[in-house]
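Trainee: Can you read through this structure? Questions will come right after.
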């Protein structure tokens, strides 16, 4: 899909031959294929989860509703990232035409907003499941504390991005000559803070079930199953750390290839599948 501007207000139309996805120096096709695989995998997994919970266990709950919502947001985020490969994701900025880059930046802003909500809902869906394991007071209060942290950091980030310009439409209109917005360094600091908090929450999502199993469960098949399931959260912690390292060390003004990791699609798909 090659990008050409069509007169008459259809500035978002893409002509197939101009897509940056097919640029010889772009690695966007890797990002496209990865997100397609993530969508397929997460769709199969959430379908199996709902079937087991409804038909076999017969115990659908709020955690399942949040899991479905998280899945929908994750799929949306991956679809958006697949779309951005036509506008520059995976390519070096010097290879991206200015008009195409403006469309890329608009889509990146939308992705950031979706990501901030999606990452919050994913973690809330896991926190909604944890009370099933134990009713201890300190455990319950820890879960409520983590829920509050997740809600605050997600909404703070969302509304910061949404209101970083004087007029909300200007947030998405990078071509505007009257665009007055906050310094991008403030946004970068916010995303760094968000990444740090998410790493902490992810660590707690691994630690709390381990604490419950070691203190309230007798070692057996069920205990091992719980430990194995939540040990997958270590991958979420690892990808969160990688994301933080990328944010702090990469100059995104010259390199868009790692924007796939910046958006953290892999991280939230992994946690959403827990």
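Glycine is no exception: its Cβ is also placed from the backbone N, Cα and C atoms.
Given the structure is predicted, the values throughout are model-derived calculations rather than measurements.
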Trainee: Among 9-30, 31-52, find the range that TrEMBL records as transmembrane segment.
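Mentor: It is 31-52 that TrEMBL annotates as transmembrane segment.
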Trainee: May I ask which of the stretches 59-80, 113-131, 143-162, 192-214 has the most CB pairs under 8 A with the transmembrane segment (31-52)?
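Mentor: Most Cβ pairs under 8 Å with the transmembrane segment (31-52) come from 59-80.
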Trainee: Determine which residues of the chain contact the transmembrane segment (59-80) at the Cβ level, with the cut-off under 8 Å and only residues 6 or more beyond its ends counted.
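Mentor: Beyond its ends, the transmembrane segment (59-80) has Cβ neighbours at 35-36, 38-39, 42-43, 46, 49-50, 53, 107, 110-111, 114-115, 117-118, 121-122, 124-126, 128-129, 132, 263, 265, 268-269, 272.
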Trainee: On the 0 to 100 scale, where does the mean pLDDT of the domain 'Rhodopsin' (48-255) fall?
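Mentor: Across the residues of the domain 'Rhodopsin' (48-255) the model's pLDDT averages 85 on the 0 to 100 scale.
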